[in-house]
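Have a look at the structure below before the remarks.
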Amino acid sequence: MNIEIYTDGACSKNPGPGGWAYIMVNKDSKEEICRENGGEKSTTNNRMELMAVIRALKKIKEGAASLADKSGKALDYKSISVHTDSQYVQQGISSWIFNWKKNNWKTASKQPVKNQDLWQELDSLSASIKPEWIWVKGHAGNPLNEACDRLAVEACQKMM
């Protein structure tokens, strides 16, 4: 089975109340496997974007046995793709992170990397799961991206 994960984050006032969400689907059958959302009282949009991906990959890492399709068969995946509308997440994990690690978690301008705690957690999860990272244009009619956006906004509103 091939898994697609759609993620999104939302924040009001940045920093302010925020929400994250993910939807996991079987790419082959298009069947939804699971969805989850949550939030924080004081955060940023970038932290929520990162948290969405981290929570989804943690769900995978918890064990495929905890994820089953509707037939009850445990999840046995061949590949995972993460779809995000956040250039920050997609570029960060696919490109920038290599220099950040090489430079002791400093940016090219020698400043500490923002959200280092989450980037380190995502780096560890990504190294073991090895997902493909795909950027999708937000608010462009992709049904799963739009659904994820609604879930993240809903979680954000609950934090207000």
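Glycine residues also receive a Cβ, built from the backbone N, Cα and C atoms like all the rest.
What Swiss-Prot says about this one:
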type: BINDING; residues: D8, D149; note: Mg(2+) 2 binding site
type: BINDING; residues: D8, E49, D85; note: Mg(2+) 1 binding site
type: DOMAIN; residues: 1-157; note: domain 'RNase H type-1'
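Here the features listed in Swiss-Prot are painted onto the structure.
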| residue | record | Cβ within 10 Å |
| --- | --- | --- |
| D8 | Mg(2+) 2 binding site | 32 |
| E49 | Mg(2+) 1 binding site | 28 |
| D85 | Mg(2+) 1 binding site | 22 |
| D149 | Mg(2+) 2 binding site | 20 |
*When DSSP states are folded down to helix, strand and coil, where does D85 (Mg(2+) 1 binding site) land?*
coil
_Other same-chain residues whose Cβ falls within 8 Å of the Cβ centroid of D8, E49, D85, the recorded Mg(2+) 1 site, in sequence order_ = T7, G9, M48, A52, T84, S86, V89, G138, N145, C148, D149, A152
_Overall pLDDT for the domain 'RNase H type-1' (1-157), taken as the rounded mean_ = 93
*Could you state the whole-number distance in Å separating the C-alpha atoms of D8 (Mg(2+) 2 binding site) and E49 (Mg(2+) 1 binding site)?*
5
*Rounded to the nearest Å, what's the C-alpha distance separating D149 (Mg(2+) 2 binding site) and E49 (Mg(2+) 1 binding site)? Just drop the number here, would you?*
11
